[in-house]
Amino acid sequence: AYVASMCQPNTSVGIDQDHSTVNRLVAVTMAHEIGHNLGMHHDLNHKGKQCNCKTCIMSPVLRDPPAELFSNCSKDYYQRFLSLYKPQCILNEPSKTD
C-alpha cells in the first residue's frame, strides 16, 4: 500500500487478498494496509526510533495469533500524517446511496 496516500485520488486504494480461513488474520492484514495509507510504516527500528514491535499490527510479518494493537510508533506516524497533510477526506460522510 502507498504510505500517507489516504486522500490522494490515484493512490488511496488497496487490494487485500483473503489469504486465510482465520478471519482475524485477514482483518489484521486489512488494518495493516490501511495503516500504510494513513502514514504508518512497518514496526522496525526506523530513523532512530525503537519500533521493533513484533506483536503489533504494523509488524512486517503476520503472526498467529494475530496482532490486536498499533504500536506507539504507529500512533506517532498517524499523528504526524494528520498534522502534515490535514486529510479532510477522512471526515467526508458517505452519502446514503454509498
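Each Cβ is built from the backbone N, Cα and C atoms, and glycine gets one as well.
Per TrEMBL, the feature domain 'Peptidase M12B' maps to 1-94. TrEMBL lists H32, H36, H42 with the feature Zn(2+) binding site. If you look up TrEMBL, you'll see E33 marked as active site.
Here the features listed in TrEMBL are placed on the structure.
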| residue | record | CB count, 10 Å |
| --- | --- | --- |
| H32 | Zn(2+) binding site | 23 |
| E33 | active site | 16 |
| H36 | Zn(2+) binding site | 19 |
| H42 | Zn(2+) binding site | 19 |
H42 (Zn(2+) binding site) in three-state DSSP notation: coil
Counts by DSSP class (helix H/G/I, strand E/B, coil) across the domain 'Peptidase M12B' (1-94): 33 helix, 2 strand, 59 coil
Between E33 (active site) and H42 (Zn(2+) binding site): CA-CA distance (Å): 10
Output field, Zn(2+) shell: CB within 8 Å of site CB centroid, site H32, H36, H42 dropped: A1, E33, G35, M40, H41, I57, M58, P60
